[in-house]
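According to TrEMBL, the features are:
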DNA_BIND  B:17-56  DNA-binding region
DOMAIN    B:80-181  domain 'CoA-binding'
BINDING   B:91, B:92, B:93, B:94, B:95, B:96  NAD(+) binding site
(Lines of atoms letter the chains of each structure in order from A and count residues from 1; the text may use other names and numbers.)
(Lines give C-alpha, C1' and ligand atoms only; values in the text may rest on other atoms or scores of the structure.)
Protein backbone atom coordinates (compact mmCIF):
# COMPACT_ATOMS: atom_id res chain seq x y z
CA UNK A 1 0.00 0.00 0.00
CA UNK A 2 1.28 3.40 -0.93
CA UNK A 3 -0.19 5.83 1.57
CA UNK A 4 0.81 8.72 -0.72
CA UNK A 5 -1.72 7.69 -3.39
CA UNK A 6 -4.72 10.04 -3.45
CA UNK A 7 -7.86 7.90 -3.41
CA UNK A 8 -11.26 9.34 -4.22
CA UNK A 9 -13.79 9.81 -1.43
CA UNK A 10 -16.20 7.46 -3.20
CA UNK A 11 -13.66 4.63 -3.03
CA UNK A 12 -12.85 5.36 0.61
CA UNK A 13 -16.57 5.19 1.39
CA UNK A 14 -16.90 1.77 -0.27
CA UNK A 15 -14.03 0.17 1.65
CA UNK A 16 -15.97 -0.13 4.94
CA UNK A 17 -18.82 -1.70 2.95
CA UNK A 18 -16.43 -4.35 1.61
CA UNK A 19 -15.01 -4.77 5.10
CA UNK A 20 -18.40 -5.39 6.67
CA UNK A 21 -19.29 -8.10 4.16
CA UNK A 22 -15.82 -9.69 4.34
CA UNK A 23 -16.15 -9.87 8.14
CA UNK A 24 -19.48 -11.67 7.68
CA UNK A 25 -17.83 -14.14 5.28
CA UNK A 26 -14.98 -14.66 7.70
CA UNK A 27 -17.39 -15.42 10.55
CA UNK A 28 -18.95 -18.08 8.31
CA UNK A 29 -15.43 -19.46 7.63
CA UNK A 30 -15.54 -18.58 3.93
CA UNK A 31 -11.92 -18.55 2.69
CA UNK A 32 -12.10 -16.85 -0.72
CA UNK A 33 -14.51 -14.59 -2.56
CA UNK A 34 -14.68 -13.43 -6.18
CA UNK A 35 -15.37 -9.87 -7.31
CA UNK A 36 -18.52 -11.35 -8.95
CA UNK A 37 -19.80 -12.59 -5.57
CA UNK A 38 -18.90 -9.31 -3.90
CA UNK A 39 -20.67 -7.42 -6.67
CA UNK A 40 -23.83 -9.51 -6.46
CA UNK A 41 -24.04 -9.17 -2.70
CA UNK A 42 -23.22 -5.48 -2.57
CA UNK A 43 -25.05 -4.44 -5.73
CA UNK A 44 -21.87 -3.08 -7.31
CA UNK A 45 -20.20 -3.74 -10.65
CA UNK A 46 -17.47 -6.42 -10.22
CA UNK A 47 -15.13 -4.38 -12.44
CA UNK A 48 -15.63 -1.42 -10.10
CA UNK A 49 -14.74 -3.59 -7.12
CA UNK A 50 -11.58 -4.89 -8.80
CA UNK A 51 -10.59 -1.33 -9.68
CA UNK A 52 -11.23 -0.10 -6.13
CA UNK A 53 -9.08 -2.83 -4.61
CA UNK A 54 -6.36 -2.51 -7.22
CA UNK A 55 -5.59 0.97 -5.86
CA UNK A 56 -3.94 -0.72 -2.94
CA UNK A 57 -2.08 -3.58 -4.60
CA UNK A 58 -2.70 -6.94 -6.18
CA UNK A 59 -4.86 -8.79 -3.69
CA UNK A 60 -6.86 -11.06 -5.93
CA UNK A 61 -5.87 -14.12 -7.97
CA UNK A 62 -7.46 -14.84 -11.35
CA UNK A 63 -9.91 -17.74 -11.16
CA UNK A 64 -9.64 -17.99 -7.37
CA UNK A 65 -10.65 -14.58 -6.12
CA UNK A 66 -9.64 -12.76 -3.00
CA UNK A 67 -8.39 -14.37 0.18
CA UNK A 68 -10.98 -13.14 2.71
CA UNK A 69 -8.69 -12.91 5.76
CA UNK A 70 -5.90 -11.22 3.80
CA UNK A 71 -8.29 -8.70 2.23
CA UNK A 72 -9.78 -7.85 5.64
CA UNK A 73 -6.27 -7.23 6.98
CA UNK A 74 -5.37 -5.03 4.01
CA UNK A 75 -8.54 -2.93 4.13
CA UNK A 76 -8.11 -2.45 7.88
CA UNK A 77 -4.56 -1.23 7.22
CA UNK A 78 -5.71 1.11 4.49
CA UNK A 79 -8.46 2.56 6.68
CA UNK A 80 -5.96 2.78 9.58
CA UNK A 81 -8.19 0.50 11.62
CA UNK A 82 -5.13 -1.57 12.55
CA UNK A 83 -4.34 1.04 15.20
CA UNK A 84 -6.37 2.05 18.26
CA UNK A 85 -8.52 5.09 17.47
CA UNK A 86 -10.40 6.62 20.38
CA UNK A 87 -13.67 8.42 19.73
CA UNK A 88 -15.65 10.86 21.91
CA UNK A 89 -19.41 11.32 21.63
CA UNK A 90 -21.30 14.46 22.68
CA UNK A 91 -25.05 14.09 23.24
CA UNK A 92 -26.25 11.25 25.48
CA UNK A 93 -29.77 11.06 24.03
CA UNK A 94 -31.42 8.16 22.21
CA UNK A 95 -29.06 8.38 19.25
CA UNK A 96 -26.00 8.65 21.50
CA UNK A 97 -27.11 5.52 23.35
CA UNK A 98 -27.71 3.69 20.09
CA UNK A 99 -24.23 4.54 18.82
CA UNK A 100 -22.55 3.45 22.06
CA UNK A 101 -24.28 0.11 21.61
CA UNK A 102 -22.37 -0.27 18.35
CA UNK A 103 -19.12 -0.47 20.31
CA UNK A 104 -19.77 -4.19 20.59
CA UNK A 105 -19.42 -4.50 16.79
CA UNK A 106 -16.09 -2.70 16.71
CA UNK A 107 -13.50 -5.36 16.42
CA UNK A 108 -11.60 -2.72 14.54
CA UNK A 109 -9.86 -0.84 17.32
CA UNK A 110 -12.12 2.13 16.86
CA UNK A 111 -14.11 2.70 20.00
CA UNK A 112 -16.22 5.33 21.69
CA UNK A 113 -14.23 5.81 24.88
CA UNK A 114 -15.87 8.93 26.33
CA UNK A 115 -19.39 10.39 26.36
CA UNK A 116 -20.33 13.99 27.18
CA UNK A 117 -23.56 15.86 27.80
CA UNK A 118 -24.31 19.11 29.56
CA UNK A 119 -27.73 18.18 30.87
CA UNK A 120 -27.69 17.71 34.68
CA UNK A 121 -30.00 14.69 34.35
CA UNK A 122 -27.45 12.97 32.08
CA UNK A 123 -24.11 13.82 33.71
CA UNK A 124 -22.87 10.96 35.85
CA UNK A 125 -25.21 8.36 34.36
CA UNK A 126 -23.76 5.27 32.67
CA UNK A 127 -24.13 4.19 29.03
CA UNK A 128 -22.91 0.64 28.83
CA UNK A 129 -19.59 0.97 30.65
CA UNK A 130 -19.10 4.67 29.93
CA UNK A 131 -19.83 7.42 32.43
CA UNK A 132 -21.38 10.61 30.97
CA UNK A 133 -19.08 13.60 31.62
CA UNK A 134 -19.99 17.31 31.63
CA UNK A 135 -18.77 19.35 28.64
CA UNK A 136 -16.34 21.23 30.89
CA UNK A 137 -14.20 18.07 30.93
CA UNK A 138 -14.12 17.63 27.14
CA UNK A 139 -10.75 19.31 26.46
CA UNK A 140 -8.98 17.54 29.30
CA UNK A 141 -10.32 14.06 28.46
CA UNK A 142 -9.69 14.45 24.71
CA UNK A 143 -6.06 15.24 25.56
CA UNK A 144 -5.63 12.54 28.18
CA UNK A 145 -7.27 9.77 26.18
CA UNK A 146 -5.75 10.90 22.88
CA UNK A 147 -9.17 11.06 21.30
CA UNK A 148 -8.93 11.73 17.56
CA UNK A 149 -12.54 11.66 16.36
CA UNK A 150 -15.60 13.42 17.77
CA UNK A 151 -19.21 12.37 17.19
CA UNK A 152 -21.98 14.96 17.51
CA UNK A 153 -25.47 13.73 18.43
CA UNK A 154 -26.92 16.92 19.94
CA UNK A 155 -29.92 18.83 18.50
CA UNK A 156 -29.18 20.94 15.42
CA UNK A 157 -29.07 24.35 17.18
CA UNK A 158 -26.27 23.14 19.50
CA UNK A 159 -24.18 21.32 16.90
CA UNK A 160 -21.91 24.20 15.83
CA UNK A 161 -21.03 25.05 19.42
CA UNK A 162 -20.09 21.43 20.14
CA UNK A 163 -18.06 21.31 16.92
CA UNK A 164 -16.13 24.41 18.04
CA UNK A 165 -15.33 22.75 21.35
CA UNK A 166 -14.13 19.60 19.57
CA UNK A 167 -11.89 21.73 17.35
CA UNK A 168 -10.40 23.55 20.35
CA UNK A 169 -9.85 20.25 22.14
CA UNK A 170 -7.81 19.08 19.17
CA UNK A 171 -9.75 16.28 17.48
CA UNK A 172 -8.80 15.59 13.85
CA UNK A 173 -12.19 14.58 12.46
CA UNK A 174 -15.87 14.92 13.26
CA UNK A 175 -18.89 12.77 12.47
CA UNK A 176 -21.96 14.98 12.69
CA UNK A 177 -25.41 13.45 13.17
CA UNK A 178 -27.19 16.75 13.78
CA UNK A 179 -29.38 17.65 10.78
CA UNK A 180 -27.48 20.85 10.07
CA UNK A 181 -24.26 21.85 8.36
CA UNK A 182 -21.35 22.68 10.66
CA UNK A 183 -18.27 24.73 9.80
CA UNK A 184 -14.78 23.74 10.93
CA UNK A 185 -11.24 24.72 9.87
CA UNK A 186 -10.11 23.20 6.57
CA UNK A 187 -7.58 20.87 8.15
CA UNK A 188 -10.37 18.96 9.90
CA UNK A 189 -12.43 16.35 8.13
CA UNK A 190 -16.19 16.33 8.74
CA UNK A 191 -18.60 13.62 7.63
CA UNK A 192 -22.31 14.20 7.92
CA UNK A 193 -24.33 11.16 8.91
CA UNK A 194 -27.85 12.22 8.20
CA UNK A 195 -30.34 9.42 7.86
CA UNK A 196 -32.80 11.73 6.12
CA UNK A 197 -30.42 11.71 3.15
CA UNK A 198 -30.76 7.95 2.80
CA UNK A 199 -34.50 8.14 3.38
CA UNK A 200 -35.15 11.01 0.96
CA UNK A 201 -33.01 9.45 -1.76
CA UNK A 202 -35.05 6.24 -1.35
CA UNK A 203 -38.19 8.18 -2.22
CA UNK A 204 -36.74 8.89 -5.66
CA UNK A 205 -36.89 5.19 -6.47
CA UNK A 206 -40.55 4.71 -5.54
CA UNK A 207 -42.97 4.05 -8.36
CA UNK A 208 -44.89 6.99 -9.79
CA UNK A 209 -48.45 6.92 -8.48
CA UNK B 1 -38.44 17.54 -15.27
CA UNK B 2 -38.36 14.41 -17.35
CA UNK B 3 -39.06 11.53 -15.01
CA UNK B 4 -37.86 9.09 -17.67
CA UNK B 5 -34.25 10.30 -17.41
CA UNK B 6 -32.05 7.77 -15.62
CA UNK B 7 -30.06 9.62 -12.98
CA UNK B 8 -27.05 8.09 -11.27
CA UNK B 9 -27.34 7.02 -7.63
CA UNK B 10 -24.59 9.44 -6.68
CA UNK B 11 -26.62 12.38 -7.98
CA UNK B 12 -29.78 11.15 -6.26
CA UNK B 13 -27.85 10.92 -3.00
CA UNK B 14 -26.63 14.52 -3.32
CA UNK B 15 -30.08 16.01 -3.91
CA UNK B 16 -31.19 15.67 -0.26
CA UNK B 17 -27.91 17.32 0.76
CA UNK B 18 -28.73 20.29 -1.47
CA UNK B 19 -32.28 20.29 -0.14
CA UNK B 20 -31.16 20.42 3.49
CA UNK B 21 -28.91 23.41 2.89
CA UNK B 22 -31.49 25.19 0.73
CA UNK B 23 -34.06 24.74 3.51
CA UNK B 24 -31.60 26.37 5.93
CA UNK B 25 -31.13 29.30 3.51
CA UNK B 26 -34.87 29.63 3.11
CA UNK B 27 -35.37 29.76 6.88
CA UNK B 28 -32.86 32.63 6.97
CA UNK B 29 -34.83 34.36 4.17
CA UNK B 30 -31.99 34.06 1.65
CA UNK B 31 -33.52 34.46 -1.83
CA UNK B 32 -30.79 33.29 -4.25
CA UNK B 33 -27.66 31.19 -4.03
CA UNK B 34 -24.81 30.61 -6.50
CA UNK B 35 -23.27 27.23 -7.29
CA UNK B 36 -20.04 28.70 -5.84
CA UNK B 37 -21.72 29.32 -2.48
CA UNK B 38 -23.34 25.90 -2.55
CA UNK B 39 -19.98 24.33 -3.39
CA UNK B 40 -18.15 26.15 -0.58
CA UNK B 41 -20.74 25.22 1.99
CA UNK B 42 -21.13 21.61 0.90
CA UNK B 43 -17.51 20.94 -0.02
CA UNK B 44 -18.42 20.08 -3.60
CA UNK B 45 -17.15 21.36 -6.93
CA UNK B 46 -19.50 24.12 -8.23
CA UNK B 47 -19.31 22.64 -11.74
CA UNK B 48 -20.48 19.32 -10.28
CA UNK B 49 -23.42 21.05 -8.62
CA UNK B 50 -24.43 22.84 -11.85
CA UNK B 51 -24.20 19.53 -13.70
CA UNK B 52 -26.30 17.71 -11.06
CA UNK B 53 -29.04 20.33 -11.21
CA UNK B 54 -28.95 20.60 -14.98
CA UNK B 55 -30.23 17.01 -15.19
CA UNK B 56 -33.60 18.35 -14.19
CA UNK B 57 -33.85 21.52 -16.19
CA UNK B 58 -32.46 25.05 -16.28
CA UNK B 59 -32.97 26.33 -12.74
CA UNK B 60 -30.11 28.80 -12.44
CA UNK B 61 -29.50 32.18 -14.02
CA UNK B 62 -25.99 33.33 -15.00
CA UNK B 63 -24.67 35.97 -12.57
CA UNK B 64 -27.67 35.65 -10.24
CA UNK B 65 -27.64 32.01 -9.22
CA UNK B 66 -30.50 29.80 -8.19
CA UNK B 67 -33.79 30.98 -6.73
CA UNK B 68 -33.81 29.21 -3.36
CA UNK B 69 -37.58 28.65 -3.06
CA UNK B 70 -37.90 27.48 -6.66
CA UNK B 71 -34.97 25.07 -6.34
CA UNK B 72 -36.43 23.61 -3.12
CA UNK B 73 -39.73 23.03 -4.89
CA UNK B 74 -38.03 21.39 -7.88
CA UNK B 75 -35.82 19.09 -5.80
CA UNK B 76 -38.83 18.06 -3.71
CA UNK B 77 -40.67 17.20 -6.92
CA UNK B 78 -37.73 15.23 -8.26
CA UNK B 79 -37.37 13.27 -5.02
CA UNK B 80 -41.17 12.79 -4.96
CA UNK B 81 -41.32 14.54 -1.61
CA UNK B 82 -44.22 16.65 -2.90
CA UNK B 83 -46.52 13.73 -2.13
CA UNK B 84 -47.33 12.12 1.22
CA UNK B 85 -45.08 9.09 1.80
CA UNK B 86 -45.83 7.00 4.87
CA UNK B 87 -43.03 5.08 6.56
CA UNK B 88 -43.11 2.22 9.07
CA UNK B 89 -40.33 1.53 11.56
CA UNK B 90 -39.58 -1.85 13.15
CA UNK B 91 -37.47 -1.82 16.31
CA UNK B 92 -38.48 0.52 19.14
CA UNK B 93 -35.04 0.70 20.77
CA UNK B 94 -32.79 3.73 21.22
CA UNK B 95 -32.21 4.13 17.49
CA UNK B 96 -35.91 3.73 16.70
CA UNK B 97 -36.73 6.43 19.24
CA UNK B 98 -34.07 8.72 17.80
CA UNK B 99 -35.44 8.30 14.27
CA UNK B 100 -39.03 8.99 15.36
CA UNK B 101 -37.73 12.24 16.84
CA UNK B 102 -36.68 13.25 13.33
CA UNK B 103 -40.34 13.36 12.31
CA UNK B 104 -40.35 16.96 13.53
CA UNK B 105 -37.83 17.86 10.80
CA UNK B 106 -39.90 16.34 8.03
CA UNK B 107 -41.62 19.20 6.35
CA UNK B 108 -41.36 17.01 3.30
CA UNK B 109 -44.44 14.85 3.60
CA UNK B 110 -42.38 11.83 4.48
CA UNK B 111 -43.30 10.65 7.95
CA UNK B 112 -42.93 7.65 10.20
CA UNK B 113 -46.59 6.83 10.78
CA UNK B 114 -46.33 3.41 12.47
CA UNK B 115 -43.86 1.71 14.83
CA UNK B 116 -43.57 -2.03 15.51
CA UNK B 117 -41.71 -4.18 17.99
CA UNK B 118 -42.24 -7.72 19.20
CA UNK B 119 -40.95 -7.26 22.72
CA UNK B 120 -43.79 -7.37 25.29
CA UNK B 121 -42.20 -4.49 27.23
CA UNK B 122 -42.36 -2.29 24.11
CA UNK B 123 -45.78 -3.15 22.62
CA UNK B 124 -48.39 -0.58 23.60
CA UNK B 125 -45.86 2.06 24.73
CA UNK B 126 -45.83 5.46 23.02
CA UNK B 127 -43.01 7.06 21.04
CA UNK B 128 -43.93 10.69 20.58
CA UNK B 129 -47.48 10.30 19.30
CA UNK B 130 -47.05 6.82 17.90
CA UNK B 131 -48.19 3.66 19.65
CA UNK B 132 -45.86 0.64 19.32
CA UNK B 133 -47.68 -2.24 17.61
CA UNK B 134 -46.82 -5.96 17.68
CA UNK B 135 -45.32 -7.41 14.48
CA UNK B 136 -48.48 -9.46 13.92
CA UNK B 137 -50.19 -6.21 12.87
CA UNK B 138 -47.52 -5.18 10.37
CA UNK B 139 -49.18 -6.48 7.20
CA UNK B 140 -52.59 -5.03 8.09
CA UNK B 141 -51.29 -1.60 9.03
CA UNK B 142 -48.95 -1.34 6.03
CA UNK B 143 -51.99 -1.99 3.82
CA UNK B 144 -54.38 0.28 5.65
CA UNK B 145 -51.99 3.22 5.98
CA UNK B 146 -50.54 2.72 2.49
CA UNK B 147 -47.03 2.56 3.91
CA UNK B 148 -44.44 2.50 1.13
CA UNK B 149 -41.09 2.50 2.99
CA UNK B 150 -39.94 0.34 5.88
CA UNK B 151 -37.13 1.20 8.30
CA UNK B 152 -35.32 -1.59 10.13
CA UNK B 153 -33.70 -0.77 13.50
CA UNK B 154 -33.60 -4.24 15.05
CA UNK B 155 -30.39 -6.12 15.99
CA UNK B 156 -28.49 -7.65 13.07
CA UNK B 157 -29.62 -11.29 13.62
CA UNK B 158 -33.30 -10.25 13.30
CA UNK B 159 -32.93 -7.91 10.34
CA UNK B 160 -33.49 -10.42 7.53
CA UNK B 161 -36.66 -11.77 9.14
CA UNK B 162 -38.07 -8.25 9.49
CA UNK B 163 -37.11 -7.48 5.89
CA UNK B 164 -39.02 -10.58 4.74
CA UNK B 165 -42.11 -9.39 6.61
CA UNK B 166 -41.83 -5.93 5.05
CA UNK B 167 -41.57 -7.54 1.61
CA UNK B 168 -44.66 -9.68 2.22
CA UNK B 169 -46.57 -6.69 3.52
CA UNK B 170 -45.86 -4.91 0.23
CA UNK B 171 -43.50 -2.02 0.98
CA UNK B 172 -41.55 -0.70 -2.02
CA UNK B 173 -38.31 0.26 -0.33
CA UNK B 174 -36.36 -0.47 2.87
CA UNK B 175 -33.87 1.57 4.86
CA UNK B 176 -31.80 -0.87 6.91
CA UNK B 177 -29.90 0.33 9.99
CA UNK B 178 -28.92 -3.14 11.19
CA UNK B 179 -25.20 -3.72 10.65
CA UNK B 180 -25.73 -6.63 8.30
CA UNK B 181 -26.59 -7.11 4.66
CA UNK B 182 -30.19 -8.09 3.89
CA UNK B 183 -31.52 -9.74 0.77
CA UNK B 184 -34.79 -8.71 -0.88
CA UNK B 185 -36.35 -9.27 -4.32
CA UNK B 186 -34.79 -7.17 -7.09
CA UNK B 187 -37.85 -4.96 -7.51
CA UNK B 188 -37.37 -3.53 -4.02
CA UNK B 189 -34.84 -0.82 -3.30
CA UNK B 190 -32.74 -1.17 -0.14
CA UNK B 191 -30.47 1.50 1.32
CA UNK B 192 -28.11 0.61 4.11
CA UNK B 193 -27.64 3.32 6.70
CA UNK B 194 -24.66 2.14 8.65
CA UNK B 195 -22.94 4.80 10.67
CA UNK B 196 -19.84 2.64 10.95
CA UNK B 197 -19.27 3.28 7.25
CA UNK B 198 -19.03 7.03 7.85
CA UNK B 199 -16.92 6.48 10.92
CA UNK B 200 -14.50 4.00 9.37
CA UNK B 201 -14.07 6.10 6.24
CA UNK B 202 -13.22 9.07 8.49
CA UNK B 203 -10.32 7.10 9.91
CA UNK B 204 -8.72 7.02 6.46
CA UNK B 205 -8.30 10.79 6.60
CA UNK B 206 -6.53 10.87 9.97
CA UNK B 207 -2.86 11.82 9.94
CA UNK B 208 -0.31 9.00 9.94
CA UNK B 209 1.14 8.61 13.43
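Glycine residues also receive a Cβ, built from the backbone N, Cα and C atoms like all the rest.
TrEMBL labels come from automatic prediction, so no person has curated them.
Computed from a predicted structure; not experimentally measured.
Shown on the structure are the features that TrEMBL records.
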residue	record	contacts (Cβ under 8 Å, 6+ apart)
B:91	NAD(+) binding site	B:116, B:117, B:152, B:153, B:154, B:162, B:177
B:92	NAD(+) binding site	B:115, B:116, B:117, B:119, B:122, B:125, B:127, B:132
B:93	NAD(+) binding site	B:117, B:153, B:154
B:94	NAD(+) binding site	none
B:95	NAD(+) binding site	B:153, B:177
B:96	NAD(+) binding site	B:89, B:90, B:115, B:117, B:127, B:153
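In the DNA-binding region (B:17-56), helix, strand and coil residues by DSSP number 28 helix, 2 strand, 10 coil. Chain A lies within reach of B:93, B:94, B:95, taking the binding-site residues B:91, B:92, B:93, B:94, B:95 and requiring a CB-CB distance under 8 A.
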